[in-house]
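Single-structure report; data block below.
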C-alpha cells in the first residue's frame, strides 16, 4: 500500500499538541523568580523615617486620583478586549479537543498568577506592592481623600481614597491574571495546526506554506498584544506609585522618593520584558525549525516560489522594520518605565 497523505484541505479546526502546553509554565516561573527576588532581596516592608511627612493637599490628591482612575479604566478596557479576541479566535479556529487542552492550561496559569496577585501567600517574601514605597506614606496621604462609597460603608476603616486604591488594584489584579493568560495562550496556540506536515507534493507544500504564514501572523499579533498590555500596565503602575509623592512636605525627600519610584518601575519593566521573552522565544524557535524544514523541502522539490512568503528568523535582517517592531514590542515595558521616570506627572498635568 502507498502512503496516504493527510487531508490537505483546511478544516478550520486547529489542534495544539499537548507537548507545547509546557510553554505555559515558563511565564509562571519568571513571575515566581521576579517576585521572589523582589520580596526577599528588596525592602518589601519599607518604613519611612519620621521626617517624611505629608502636607494635606486635597486638590493634589484628587488630581493624582483622577490620573489613576484614567489609567485604571484604560487598562481594564485593554484587558477585556484582549480576552475577548483570544476567546473569539479559540472557538472559531480550534477543535474542541484543542480548546479543552488550552483552557486547562489557562486555569493552571490563572491559578498560579492569582496566588501572587490576589491570595498573597505568606511564603517566599509575600508583600503588598505599595509596601515597597512605604505603606505609611500611602495611608497618610490618601486616607483624607473622601470617597462617596465610604459615607455609607464601614469597610473603608476611615482610609478614604487609600481604601479605594486597594479595591481597584485588587480588581486590576483579577483581570490581569485573565488577560495575561489569554495573550500567553494565544501565543502558544500559534503552534496549532490542522494536520501533520506533508511536504512531498506541490499541494502539500502550498498547504504547509499557508499554515506557517498564519502561525507567523498569530505569533506576531500576540507579541504586539503582549507589548501593549504590559506597557499600559506600566502606566497604571506608575499612576498609583506616584499618587502620594507630590504631597511629601520636604522637597528633597520628595525627589528621593521619586527616584525610588523610578527604580522600582524599572525593575517591573525589566521583569515584564523577560516575561514576554519567556513565551515568545520558545514559540519563535519552534516555528523557526518548522520553517527551515519547509524551505529544505521546497529546495528539494525545486519550486522556491511556494515558500516566498514564509520567512524564517535571520540575524542579518535584524535592522528591518518588522524585526525592529518586534524588538520594540518586547522591550516596550522597559521603555514605558523609562518614559515614566523621565516625564513626571507634574510635567504632564501642570
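Cβ from N, Cα, C; glycine included.
Per TrEMBL, the listed range annotated as transmembrane segment is 100-119 (candidates: 40-59, 100-119). Looking at 2-20, 21-39, the range tied to transmembrane segment in TrEMBL is 21-39. Here TrEMBL gives transmembrane segment for one range in the set 308-326, 327-345: that range is 327-345.
Only residues 6 or more beyond the boundaries of the transmembrane segment (68-88), in the same chain, are considered here, and those with a CB under 8 A from a CB of the stretch are 165, 168, 171-172, 175-176, 178-179, 182-183, 185-186, 225, 228-229, 232-233, 235-236, 238-240, 243. Here the transmembrane segment (222-241) has long-range neighbours at 64, 67-68, 70-72, 74-75, 78-79, 82, 85, 130, 133, 165, 169, 172, 176, 179-180, 183-184, 186-187, 190, 261, 264-265, 268-269, 272-273, 275-276, 280, 325-326, 328-330, 332-333, 335-337, 340, 345, meaning same-chain residues at least 6 beyond its ends whose C-beta is under 8 angstroms from one of its own. Within the chain carrying the transmembrane segment (174-192), a Cβ under 8 angstroms from the stretch's Cβ atoms is held by residues 14-17, 20-21, 23-24, 27, 76, 78-80, 82-83, 85-87, 89-90, 93-94, 98, 102, 105-106, 109-110, 113-114, 117-118, 215-216, 218-219, 221-223, 225-226, 229, 233, 279-280, 283, 286-287, all 6 or more beyond its ends.
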